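Undergrad: This is the structure, below, for whatever I ask next.
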């Protein structure tokens with residue numbers, strides 16, 4: 001048994017990492033958090049104390065922090081720490097799918113890897129439903145960003161191997177595999193080796209492997225990347241059918257608000273390793289979509305402060321949301337912007353004075369069909 005575990009941990013596909021129960025305190029207290037993020041943190045702390053296993057969430061991620069050693073500038077300098085996640089806390093209930101949204105480098109994949117056990121947290125704690133029995137492969141399903149597959153095996157062979165490892169009886173496995181293959185329209189690829197498949201088909205297979213055997217916890221790291229719209233719709237429908245009103249739960253990372261809207265019960269937006277907000281899509285739209293957002297692209301970094309002063313002159317109640325070397329984002333109250341024609345006129349005058357580049361736009365975030373642009377501008 002021990003030999004089998006060690007062998008599987010080294011296998012490129014069956015990477016089952018030993019989980020540590022050690023809990024290290026987080027070195028920093030959360031400051032300036034959104035109210036919903038505070039409530040989720042309290043909910044997570046309370047979940048840790050629940051004794052009844054049936055009442056516990058399927059995923060409890062408490063105060064997760066991950067630090068990496070950075071590069072030295074020279075031989076005399078100290079290594080600067082790179083902090084991938086800072087004090088992340090959330091729970092996933094039974095029957096719930098939570099989406100982690102953020103751009104590359106936001107900390108989404110690091111969070112998932114800490115939950116799988118691939119990466120050990122610098123601080124914090126993870127508790128998963130079904131993990132108390134040891135490093136068994138059956139309780140956890142994982143679809144990583146990379147297509148971790150055997151090139152020479154066919155689609156059917158992958159599914160049969162995973163079914164055997166997860167303890168499914170042969171006759172049961174055959175029926176389940178047929179059902180899953182039908183859901184994602186993979187009948188024509190069953191006998192095809194993986195090295196002949198498109199990226200979209202490989203993603204479908206990785207997803208099916210993650211939900212095969214009805215694991216209690218499923219982690220989906222950008223599952224629909226590289227898929228065509230039809231394939232995405234098939235996968236989203238399968239995700240909804242798999243977890244709705246079930247005893248299982250899932251955590252899904254994505255760049256796309258459309259994907260989150262399609263499958264997630266709640267969404268948590270990550271920026272620079274922190275949770276900025278969490279809630280249902282409708283809740284986030286209602287909470288944050290009541291102002292206009294102004295995005296300004298600056299010609300040179302030296303112009304940032306002068307542009308900031310000019311924006312405050314044009315729109316006295318403007319509140320700066322984000323600042324980068326070439327981009328500024330402001331929240332503008334409705335009374336400062338309307339009528340829009342006057343606001344556009346003011347901005348065009350400023351552009352002629354060469355304070356900023358040709359690119360600026362005002363967005364009415366409340367009236368957007370989805371909140372993709374709001375997410376990008378407010379939290380990127």
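Heads up, the Cβ atoms here are built off N, Cα and C, so glycines get one too.
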Undergrad: May I ask you to indicate which of 1-38, 39-76 is given in TrEMBL as region 'Disordered'?
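TA: My reading of TrEMBL: the region 'Disordered' range is 1-38.
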Undergrad: Would you list the DSSP helix, strand and coil counts for the residues of the compositional bias 'Acidic residues' (28-37)?
TA: 3 helix, 0 strand, 7 coil
